[in-house]
Amino acid sequence: MAQPPIRIAIAGALGRMGRQMVEAVQADPRLALAARFHRPDSVGDGLVSRDEALAMADVVIDFTTPAASADLARVSANRGGPALVIGSTGFDAAELADIADAAKTVPIVRSGSFSLGLNMLVGLVEQAARAFAPEDWDAEIFEAHHRHKIDAPSGTALMLGQAVAGGRGAELDAVARRVRDGVTGARPPGEIGFAVVRGGSIVGEHSVSFCAEGELVTLSHAAGDRIMFARGAIAAALWVSGRPPGEYDMRDVLGFDR
């Protein structure tokens, strides 16, 4: 007997990724678009309130803002569901703590990128960081996005930074250099640098360079269309539906070894 489609609600349904997700869900026979919601004052014309959407869905896919995502996680946990797929970026420590607390009650997949290729890049970067001694190999992360992106470095760039730091057995916050300006002095060993570009309609470009005396290794990924993020979010929604509570990421969804 065929399984019934998983009921999906889309948060931020009028945003760029929200509109992309609506189209992708409607095109997938494994899913049913149960509800769309946006801001509290955006109801009607096919949009419902957040509370109505949560009651109608098995999984909510959320590409909104850090504050909205953290609040959504709290509300979902308080009512015992539904599961969440969160693609928002730019969270502060308190918002991340709220999501982690909610994940004790409901299953949540949160990722800075839902691209399969990008998540493969994260794994390769971590392997390279383990192999390249920080005393000899400097790590630099570059990212570029469209002019409308409001956080920097991007969530994906921070994922890559975490991969470098994790491969080296370090804490990213202790070794990250997010800004360089003026007379900065010589680069300390083990530092992880970030460079950011914002302009035009760039969907997303990321690279990690390991620089040693006489050689340079660069691993990179470029996004040409937001549909790849939608495909990854759908894979996450299919995977997380029916899972036990916990905070998961795309490595769990894709079955990558830790």
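Each residue, glycine too, has its Cβ placed from N, Cα and C.
The annotation NAD(+) binding site is assigned in Swiss-Prot to Gly12, Ala13, Leu14, Gly15, Arg16, Met17, Gly87, Ser88, Thr89, Ser111, Gly112, Ser113, Phe114 on the grounds of sequence analysis. The secondary structure of Thr89 (NAD(+) binding site), as reduced to three states from DSSP, is coil rather than helix or strand. Using a 10 Å radius centred on the Cβ of Thr89 (NAD(+) binding site) and all shown protein chains, the other Cβ atoms total 24.
Look at Swiss-Prot and you will find Arg39 tagged as NADP(+) binding site, backed by sequence analysis. All protein chains included, Arg39 (NADP(+) binding site) registers 12 other Cβ atoms within 10 Å of its own Cβ.
Feature annotation from Swiss-Prot assigns active site, proton donor/acceptor to His145; the stated evidence is sequence analysis. Under DSSP, His145 (active site, proton donor/acceptor) is assigned to a strand (E or B) in the three-state scheme.
What Swiss-Prot lists as (S)-2,3,4,5-tetrahydrodipicolinate binding site is His146, Gly155, Thr156, and the listing cites sequence analysis. In three-state terms derived from DSSP, Thr156 ((S)-2,3,4,5-tetrahydrodipicolinate binding site) belongs to a helical segment. Remark: Thr156 ((S)-2,3,4,5-tetrahydrodipicolinate binding site) has Thr89, Gly112, Ser113, Leu118, Glu143, Gly204, His206 as non-local neighbours, by Cβ distance under 8 Å and separation of at least 6 in sequence.
Note on Lys149 (active site, proton donor): other Cβ atoms within 10 Å of its Cβ, all shown chains, come to 17. Residues or ranges marked as active site, proton donor in Swiss-Prot: Lys149.
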Close in space but at least six residues away in sequence, with Cβ under 8 Å from that of Gly155 ((S)-2,3,4,5-tetrahydrodipicolinate binding site), the same-chain residues are Ser88, Thr89, Gly90, Ser111, Gly112, Ser113
If you compare CA-to-CA distances from Arg39 (NADP(+) binding site) to each of the recorded positions Phe114, His146, Lys149, which comes out shortest?
Lys149
Would you give the longest CA-CA distance, in whole angstrom, between residues of Gly12, Ala13, Leu14, Gly15, Arg16, Met17, Gly87, Ser88, Thr89, Ser111, Gly112, Ser113, Phe114, the set recorded as binding NAD(+)?
21
